[in-house]
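For 36-40, the entry in TrEMBL reads motif 'HGGXW'. The active site, nucleophile annotation in TrEMBL covers Ser134. Taken from TrEMBL, the feature active site covers Asp236, His275.
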Amino acid sequence: MPQEIFSYSNDHVLQKVSVTVLSDDPQPGYWVIFIHGGAWRDPSKTFADLAAAETLLCTAEPYTSTVLPHIAAFASIEYRLSAHPEHPQDPVATPPSQFRNARHPDHLADVESALALLQGRYGFGERYVLVGHSCGATLAFQTVMRHLGGYDDHFRHRNLAQPSAILGVAGIYECRLLRDHFSGISAYQDLFEGAFGPDETLWDAVSPAKVGSGFDGIQGGWTAGKLAVLAYSAEDELVDTSQAEAMEEALRLWTSSASQEETRRTVMLPVKGRHDEIWEKGEELARAIAFTLTELQKM
Ligand SMILES: N[C@@H](CC(=O)c1ccccc1NC=O)C(=O)O
């Protein structure tokens, strides 16, 4: 299964998406689309962060007989990053296409452009699961928020088909809550300021758990959604479990406002391992993806 890489814009080298199509079957399975983490700024995180889990899902039992037949393709999105203090770049010598100085809403605009490219080429509609790790989970849920602070509706891809399910793994859902939980560690303040600037009202206005349950957030926005899975690890040293708990709470109104009962669900999924171990080893990420697809089949 050869991997292809597409650029969804020529402005920046990070604006690319990898695609592995498993089946051209006219009775299609789901696309699994991954958004990596790295606090909106870590250049060591790439679309390859899905690779270990993808390999397991494609080669290891029981996945090959249980969920693999229901997967049409894997895709993994890279997006422009914000500046990282430990990875400085010379602003004069670095070409703009490689310079990392993205600010919200650049990260999300790129994710949406990547999804638009995929939909344009492959047209899978709502038959996809959007999977995000850490800030990738923030981005995944932001794609289905009705309004988003700092992002003019006019520029959004309003008619992009929404995912049937979102799997958030070790996700950041409420920026200030996370910063306050780790108030002794300045890196948290820095990473949010790097991505969103110093105005903390904007941090709230982009946090899926803060505006999630309101009409402006996920309740009003994610009309096509069926399933939200929030995977969290008690061993996660970077993102504590109150993030997933806050998101579960925010999703309550979205779940209960479904037109028919049982058509929307939120599931909390405990996983094992440290923050990056989950995708690095791939076992827990693969398990969480398989779990999400299995639950989705039942709905
Ligand atoms: N390796 C990252 C740190 C990082 O990824 C992170 C740190 C704290 C909370 C969440 C994180 N990642 C989320 O995407 C960095 O270099 O900034």
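We count from 1, first residue shown onward.
Note: Cβ is positioned from N, Cα and C throughout, glycine not excepted.
Structural mapping of features recorded in TrEMBL.
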{"residue": "Ser134", "record": "active site, nucleophile", "Cβ neighbours (10 Å)": "29"}
{"residue": "Asp236", "record": "active site", "Cβ neighbours (10 Å)": "22"}
{"residue": "His275", "record": "active site", "Cβ neighbours (10 Å)": "18"}
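Long-range contacts of the motif 'HGGXW' (36-40) within the same chain: residues 46-47, 49-50, 76-78, 81-82, 102, 107, 132-137, 170, 191, 194-195, 276, 279, each at least 6 residues beyond the stretch ends and with a Cβ under 8 Å from a Cβ of the stretch. Spacing of the residue listed as 'active site, nucleophile' relative to Asp236 (active site) is 11 Å (Cα to Cα, whole number).
Rounded to the nearest whole angstrom, the C-alpha distance between Asp236 (active site) and His275 (active site) is 5. Averaged over the motif 'HGGXW' (36-40), the predicted model has a pLDDT of 98.
Per DSSP, the secondary structure of the motif 'HGGXW' (36-40) breaks down as 0 helix, 0 strand, 5 coil.
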